[in-house]
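S.K.: Take a look at this one; I'll ask things after.
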C-alpha cells in the first residue's frame with residue numbers, strides 16, 4: 001500500500017481450542033500483533049485487532065474423545081481459558097471471537113454458497129478410508145498403523161510421532177481405525193475443491209512481483225510452493241463436527257477447517273460491529289469498511305506453519321469471492337523452541353501461559369519483554385529460563401527500573417516530588433535532548449517494518465540514555481553546592497521517563513501504565529513523544545514504586561526442574577521395552593532362590609569405578625556380594641535398604657573378592673538403576689516367588 005491507510009485490520013492466527021496457549025504461540029503471533037496494534041492506536045490510527053478461537057477440525061474431536069466429552073464441551077472449556085489468559089497478558093484484541101458461534105456458521109456458509117453459485121469450485125470423487133463398524137469416514141488422525149520407515153506400530157495417518165516422518169494413510173502397514181479398532185476399507189466420497197492451480201499465475205504476480213518487501217522467510221516459502229505448482233485443495237471433508245456444507249447432497253460433510261477458520265476473521269468483525277456504539281469508536285466505520293475498502297491495510301500475524309494458508313490459499317479465496325481486500329503484509333515468524341528442544345503439546349514440552357500467569361503474578365511484562373527480545377523473526381529461536389532471568393535482572397531491573405527509580409526518588413528527596421523547573425542547559429543536556437528526539441521515530445520505523453526486536457532494543461536504549469545521563473551528571477553529589485543544576489538534571493530525567501512511558505506502552509503496557517501514574521502524566525500519544533514538554537514544572541508526581549524486582553535463582557531452578565521432570569516422564573513413556581527372552585520351564589525357575597536381604601555395609605571396591613562391595617543380612621547368614629552399581633549409588637546412602645537377592649547363584653571371585661549371589665536391579669529408560677524391593681519392610685530372608 002503506497003498511500004496512507006485510513007484504517008487497519010489486524011488479524012492474529014486463531015489458536016486451536018483443544019488446549020491452552022504456550023510461549024511459542026505468544027512469541028510467534030500474539031505479542032508482535034499486540035505491539036503493532038497498540039503502537040498504531042497510540043498514533044491515533046483507526047485499528048481493528050481481531051482474535052478468536054479455531055473450534056473446528058479433527059484436533060478438537062480427538063481431544064473430545066480423549067477427555068470423554070463432546071467437542072462443544074472441549075471448545076467451551078479451552079475458549080474461556082485462552083481468552084482469559086490473553087486478557088491477563090494484556091493482548092488488546094478489539095474482539096476475541098470463536099468459530100463455533102452462530103454468526104460464524106452463517107458467514108462461512110454464505111461464503112461457501114457464493115463461491116459455489118459462482119462456479120468457483122470443482123467436484124471430485126476420491127477413495128478414502130472408511131470404518132464400516134463406526135459408519136464413518138476416517139480423517140488421517142483416526143487411522144493408526146505401522147510406520148513404513150521405523151516400524152512404530154502406532155503411527156498416525158499423517159505422521160509418525162516416533163521418527164517424525166510425514167505419512168499418508170495409504171502408506172501405513174496394517175492400518176486400523178482408532179474408533180473401533182477394525183481394519184478400514186476404501187470407499188468413494190465426493191468433495192468440493194478450490195482449484196488453486198487456476199490462481200497460480202495471479203498469485204505469482206501478486207506475491208513474487210508485487211510483494212517483494214515481505215519478510216525473506218515468508219517470501220521464500222511462498223516461492224517454494226509456487227515453484228512446485230499448486231493443486232486443487234478440498235474445501236469439504238467427511239466429519240460430524242464443523243460447519244455443515246450448505247448444499248443439497250452434502251449430508252455428513254463439513255467445511256474443511258482451513259477454509260472456515262480464516263473466514264473467522266470476517267465473522268468476528270461482523271460480530272464486533274453488531275454493537276451500534278462500536279461504530280463511534282472507529283470513526284463511524286462498519287465491518288465492511290475494515291474488510292472491503294481499498295484504503296484499509298490488512299495485516300495477518302501468524303507462525304510459519306500458517307504461511308501457505310494466509311499467503312496463498314486465503315488470498316485465493318478472497319480473490320474468488322471478489323469483494324474483499326487482500327493482505328498488505330503477512331509478517332510470519334519462525335518457531336520458538338524451549339531449552340534447545342522443539343515445543344510439543346503432546347509431550348507437554350512447553351511453558352503454558354495460564355501456568356506462567358499463576359506462578360509469576362504481576363510479571364506479565366517480563367514475559368512480553370523476554371519473548372519480544374528473543375523473537376524468532378527470521379529463524380527459529382530458543383527460550384531458556386536463564387535468559388528470561390537475565391533479561392529481567394540485567395535489563396528491566398538494572399536499566400529501565402533503575403533509571404525510573406533514581407529519577408523519582410531523587411525528586412522526592414530534594415523537591416518533595418514536585419517537578420523542578422528547567423534551568424540553563426549545558427552542552428551535555430542539549431546532546432541528550434537531541435538524542436531523545438530521535439527515539440520515537442526510530443522505534444516507529446522498526447515497528448512499521450515488523451522488526452519488533454529492533455524496536456524493543458531502541459526502547460531500551462532510551463532507558464539506557466536516561467540511566468547514563470543521571471550517572472554522568474551525578475545529581476546526588478552536587479546537590480549541596482549546585483541545587484539549581486540538579487533541578488535541570490532531574491527535570492530532564494523526568495521528561496525522559498515520561499517519553500519512556502509512551503514509547504514502551506506497546507511492549508510492556510502494565511509497566512507503562514504504572515509509570516504514567518507515578519509521573520501523573522496525562523493522556524499522551526506517540527505523536528507527543530520526543531520532546532521535553534510532556535511534564536510541567538511545579539506539578540506533583542505520584543508515589544514512586546519499584547517497577548521490576550529481581551528474579552532469584554531458586555525461582556528459575558524450580559522451572560528448570562519442572563521441565564527436567566517432564567523430559568524424564570517422556571523418556572519413561574516412550575521407552576523401548578526389550579523383547580521377551582526364550583521361555584524357561586517352571587522347574588528351571590523353581591531352582592532359583594530369590595529372597596529379601598538387607599544391606600548392612602557398603603564400600604567402593606578399590607581401583608574400580610563401577611563396583612560396590614555389599615554386606616547383606618539374608619536371614620540365614622551374612623554374606624558379601626559385589627555389585628556393579630557404584631555409578632548410581634553412594635555407599636552410605638544405601639545402608640539399611642532391602643533388596644532382592646538371587647541367593648543360590650554360584651559364588652565367583654571379582655577383583656579378589658568372593659561374591660555370593662546377585663542383587664536384582666531394574667534399569668529405567670534413562671539408564672538409571674533402581675532396586676527391586678518390597679513395598680514395605682519385611683523380614684530378611686523372606687522368599688520371593
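Counting starts with 1 at the first residue shown.
Note: Cβ is positioned from N, Cα and C throughout, glycine not excepted.
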S.K.: Check each of the ranges 342-346, 347-351, 352-356 against Swiss-Prot and return the one annotated as motif ''KMSKS' region'.
M.R.: 342-346
S.K.: Under Swiss-Prot, the annotation motif ''HIGH' region' belongs to which of these stretches: 4-14, 15-25?
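M.R.: Result: 15-25 is the stretch Swiss-Prot calls motif ''HIGH' region'.
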S.K.: Taking the recorded Zn(2+) site as 147, 150, 160, 163, identify the other residues of that chain whose CB atom sits within 8 Å of the mean position of the site's CB atoms, giving them in sequence order.
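M.R.: Once 147, 150, 160, 163 are set aside, the remaining close residues are 148, 149, 151, 152, 155, 162, 164, 165.
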S.K.: On the 0 to 100 scale, where does the mean pLDDT of the motif ''KMSKS' region' (342-346) fall?
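M.R.: Across the residues of the motif ''KMSKS' region' (342-346) the model's pLDDT averages 89 on the 0 to 100 scale.
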S.K.: Name, in the order they occur in the sequence, the residues of the same chain whose CB lies under 8 A from the CB of residue 345 (ATP binding site) and which sit 6 or more residues away.
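M.R.: Once residues fewer than 6 apart are set aside, residue 345 (ATP binding site) is near 19, 22.
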S.K.: When DSSP is mapped onto helix/strand/coil, what comes out for residue 150 (Zn(2+) binding site)?
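M.R.: In the DSSP reduction, residue 150 (Zn(2+) binding site) maps to coil.
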S.K.: Using DSSP, what is the helix/strand/coil residue split across the domain 'tRNA-binding' (588-689)?
M.R.: 6 helix, 44 strand, 52 coil
